[in-house]
Amino acid sequence: MKKDIHPKYVEITATCSCGNVIKTRSTVGHDLNLDVCGNCHPFFTGKQRVVDTGGRVERFNKRFSIPGSK
C-alpha cells in the first residue's frame, strides 16, 4: 500500500444559516457554511407546502391544444 496518498481526514464544523452547529469529519479541510440542515429544512420540520400546478397545466393544454381535437 502506498503511503501519504490519501487526503487528511480532519474534524470540521458545519454551521447552518439557522445557527445549528454540526461537528463532523471530512477531507475538505476547512469549516463549512450550510444553507439548510435537518433542523430547518421544510421536509424535516413538517412545514412543507404543496405547490399547485393545476392552473399551469390547464394553461399549457389550452395554449397548445389542437383545435377540433376534442
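Cβ from N, Cα, C; glycine included.
Look at Swiss-Prot and you will find Cys16, Cys18, Cys37, Cys40 tagged as Zn(2+) binding site, backed by sequence analysis.
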Cβ-Cβ neighbours of Cys18 (Zn(2+) binding site) (radius 10 Å): 12
Residues that sit under 8 angstroms from Cys37 (Zn(2+) binding site) by C-beta distance, when 6+ apart in the chain: Ala14, Cys16, Cys18, Asn20, Ile22
Nonlocal neighbours by CB distance (under 8 Å) for Cys40 (Zn(2+) binding site), same chain, sequence gap 6 or more: Cys16, Ser17, Cys18, Asn20
Shell of the Zn(2+) site beyond Cys16, Cys18, Cys37, Cys40, same chain only (C-beta within 8 angstroms of their C-beta centre): Ser17, Gly19, Asn20, Leu34, Val36, Gly38, Asn39, His41
CB contacts for Cys16 (Zn(2+) binding site) [other CB atoms within 10 A, all chains]: 18
Helix, strand or coil at Cys16 (Zn(2+) binding site) [DSSP, three-state]: strand
